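These notes are about the structure you will find just below.
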Amino acid sequence: IRCFITPDITSKDCPNGHVCYTKTWCDGFCSRRGERVDLGCAATCPTVKTGVDIQCCSTDDCDPFPTRKRP
């Protein structure tokens, strides 16, 4: 599977059986810069924590950089 990976936002091969993920959350600059974004691949979908949104998928390049809402 190929997933987009931050910080370069380039598509890279991930090991067999892995999933792609998009993780977004707010930090102290969220009101000015928008949500923080982490793209990558993992053996399993990361555990969701309070204040963090995680989307997982299992097809090539299914985790593009999300469109940001203007603050």
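Cβ atoms are placed via backbone N, Cα and C, with glycine included.
Lifted from Swiss-Prot, the feature list:
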type	residues	note
DISULFID	Cys3-Cys20	disulfide bond
DISULFID	Cys14-Cys41	disulfide bond
DISULFID	Cys26-Cys30	disulfide bond
DISULFID	Cys45-Cys56	disulfide bond
DISULFID	Cys57-Cys62	disulfide bond
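Location within the structure of each feature annotated in Swiss-Prot.
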residue	record	Cβ within 10 Å
Cys3	disulfide bond	25
Cys14	disulfide bond	18
Cys20	disulfide bond	26
Cys26	disulfide bond	14
Cys30	disulfide bond	12
Cys41	disulfide bond	20
Cys45	disulfide bond	14
Cys56	disulfide bond	16
Cys57	disulfide bond	15
Cys62	disulfide bond	17
Whole-number Å only: compute the distance from the Cα of Cys20 (disulfide bond) to the Cα of Cys41 (disulfide bond). 4
For Cys30 (disulfide bond), what is the secondary structure by DSSP, using just helix, strand and coil? helix
Roughly how many Å separate the Cα of Cys26 (disulfide bond) from that of Cys3 (disulfide bond), to the nearest whole number? 23
Disulfide-bonded residues Cys14, Cys30, Cys45, Cys56 vs Cys62 (disulfide bond), shortest C-alpha separation belongs to Cys56
Under a three-state reading of DSSP, tell me whether Cys56 (disulfide bond) is helix, strand or coil. strand
CA pair Cys14 (disulfide bond) / Cys3 (disulfide bond), Å rounded to integer, equals 7
Can you figure out which of Cys30, Cys41, Cys45, Cys56, Cys57 (the disulfide-bonded residues) comes closest in space to Cys3 (disulfide bond), comparing Cα atoms? Cys41
Between Cys56 (disulfide bond) and Cys41 (disulfide bond), how many Å separate their Cα atoms? 9
For the C-alpha pair, I'd like the distance in angstrom between Cys57 (disulfide bond) and Cys45 (disulfide bond), rounded off. 9
Whole-number Å value for how far Cys41 (disulfide bond) lies from Cys30 (disulfide bond) (Cα to Cα): 24
